[in-house]
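A short write-up of the structure that comes next.
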Amino acid sequence: MTATEVRAGSGGLVPPAPARSGRRRPVTRRRLVQFAFLVPALVYLVLFFGYPVVKNLMMGFQEYTTRTFYTGEAPWVGFANYVTAVTDPVFDQALLNTGLFTVGSIVGQFTIGLLIALFFHRRFHLSGVLRSLLLLPWLVPMIAASAVWRWILDTDHGVLNRTLDLLPFVDGRPAWLTSTTLALVAVIMVNIWLGIPFNATILYGGLQEIPEELYEAGSLDGATGARAFWHITWPLLRPVVTVVLVLGVVYTLKVLDVILGLTNGGPANATQTISTFSYHMSFREFDFGVGAALGNILVLISLVFAIVYLRLNRRAIDE
Amino acid sequence: MSRISRSRALLATAAAVPLVLVAACGGTDGTDGGGDGGGEVTELHVVDYHNNEPNKSVWQGVLDGCATEVGVSLNRETVPGGDLIAKVLQMSSSRTLPDVLMLDNPDVQQIAESGALAPLSDFGLDPGGITEGVLSASTYEGELYALQPVTNTIALFYNTQMLEEAGIEPPSTWDELESAAAALTEGDRYGLALSAINTYEGTWQFLPFMWSNGGDESDIATPEVAGALQLWKDLLDAGSMSQSVVTWSQGDVADQFGSGNAAMMVNGPWNFGTLAEADADLEYDIVPIPAPTSGDTIISPFGGEAWAVPQTGDADRMAVAAEFVQCLVGEQAVVDAAVGTNTVPTDPSLADTVVEQVPNLASFAAQVPDLRARTGELGPEWPTQATAIYEAVQNALVGGMSPEDALAQAQG
């Protein structure tokens, strides 16, 4: 929309024939002023987004180690870092874990978030207070939250297992963070807890946008309860749902702090994802080249979802 | 919106970005801004990671003592332990390295390899009586790059009361360890606690078992290493230690022992303070880590930090800095640091003086002559193999693999 406006505007401003040269100067000045307004944003983007991305892309093709920092030498190695990264036995598992972690987190966050949004859409006493309390997970620093979750999930002394002990039908204590089968589930659970406020808040905002009259009209035609949800709420909420899901995927793919804080990718790589693997290669083994290569692979995956998001967005506008 | 979200993902995943930005900000070839350029040296810039009490003050005292001896004042900067290497890399690329730099001993060779450190033979420094194993960690390609005054290692702590009640003597062999741990396991209490976490701490705790059994880090797919791993697996499978060992750091292990959840633990002398705080009535004693069979030598890795002279380009300052580092391995500095921070001298001839003052250090001091450097064989390649070792340990303990298969996979 903006693009067409600018085109239309400039078509009117810049005369096709150079004959009336007297008016050219104010036009170029105007252009300069327009450009000057763009400069701060451009500088910011180039410096803080452009440079790191380009640098990281280049680093993926370089032998970039601790030595590089002193000597400044980072020999070009072509795709060697990518080969090292992809052929590492941990990579396959990290890729699979990244997928499971993302899908599991998104499904959980979205479903619970939507249920909570629907619940709070109906006004009742203290609903405002309760809704703001839901934002708490957002306010707790992740380092503190993961320390508390580690304590909750501890096999022998954790409050979760101590509570399960009291239940008659639970046999033994699940090793939440120390068994290779449960650790990923536990990490996904914590990440769902963390993501619910985001999903609930955005979806709640979307629900508020749906005009009340539609429900009134619908109820006359017999659309109440579940039918009202499927035929009124869901179709009208779809643009918001798309935003929430795509942003959710991009945010979840890159999650690092939750996993580092809870399991550090373990036990036995059971919760290793591409982002934790990349962190490990860069900051534990000081192989920044391989770390950057892994980072780039993750960027590529995020990019696919970002493009999907852009296309869906464009289609929505076209409609 | 999409641009922002995408860029945020990029930022977060491009893990190396902060360091790179920092690297890009450097690049000038100037020397340290504080350099007096050939004039008399009056101040030294020192960087270390002893930023917590009591170690911070103890080291301040030791450093001040040497500053007085050398005749300079100090500009000391302490950074958190985890940030030191990042800080060093930043300083290397911006050519703002300090005059005196402290490094954790397994990092010395890696930083020496980068060219940021000056060989100490340039200044004619004398390592004195520092034991061979410790020197090998500070040596890269035949040149000595740092001097380490004090060290620490790990041993077996046991709760004297619990062992007395069960009528058990502290174990000295693997068989005794297994039976003692099994006998001491009772209710919510485990016989043994150790750290098999997926960080270098887990590797560090496994090394005494691996090395004492004849294993070697250059090839871990051997029966000797598998034997050591089998011992840990047996202890876990028998229920003598919690499965949580795969997530416990050494600090967590000390907490478990301090609160009575474990009768024995593998840990180091830096926990004396934690244990005293946890329970004033806790009575414990320390013996060396059990040997595979009676009479075998116990070979343990050593911890502790070494002091180096970075290449700042100012020959006068570097000469004074070298003098300062020499002072740090002198008797006075070593004894003060050892007693104050619960560590043992790297020079065995000073051990008795320290153990007299801190008797709990005896079993650590006894191990000094046989200590082995983690980076002694592999040098800067150590981090890769250290990762392989803790991965194999985790795969065998909780990943459902046999020790042999786990080690073979990790060796690659």
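Quick reminder: no glycine exception, Cβ is built from N, Cα and C everywhere.
No curator has checked TrEMBL annotations; they are predicted automatically.
Annotated in TrEMBL:
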REGION    A:1-22  region 'Disordered'
TRANSMEM  A:32-54  transmembrane segment
DOMAIN    A:95-309  domain 'ABC transmembrane type-1'
TRANSMEM  A:99-120  transmembrane segment
TRANSMEM  A:132-153  transmembrane segment
TRANSMEM  A:173-194  transmembrane segment
TRANSMEM  A:236-253  transmembrane segment
TRANSMEM  A:288-310  transmembrane segment
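When each of A:32-54, A:99-120, A:132-153, A:236-253, A:288-310 is checked for Cβ pairs under 8 Å to the transmembrane segment (A:173-194), A:99-120 comes out on top. Distant neighbours of the transmembrane segment (A:236-253): 98, 101-102, 105-106, 109-110, 113, 191, 195, 198-199, 202-203, 205-207, 209-210, 214, 274-275, 298, 301-302, 305-306, 308-309, 312-313, 316; these residues of the same chain sit at least 6 beyond its ends, with a Cβ under 8 Å from one of its Cβ atoms.
Sequence-distant contacts of the transmembrane segment (A:99-120) (same chain, six or more residues past either end, CB-CB distance under 8 Å): 127, 130-131, 134, 184-185, 187-189, 191-192, 195-200, 203-204, 206-207, 229, 233, 241, 244-245, 248-249, 252-253, 255, 259, 271, 273.
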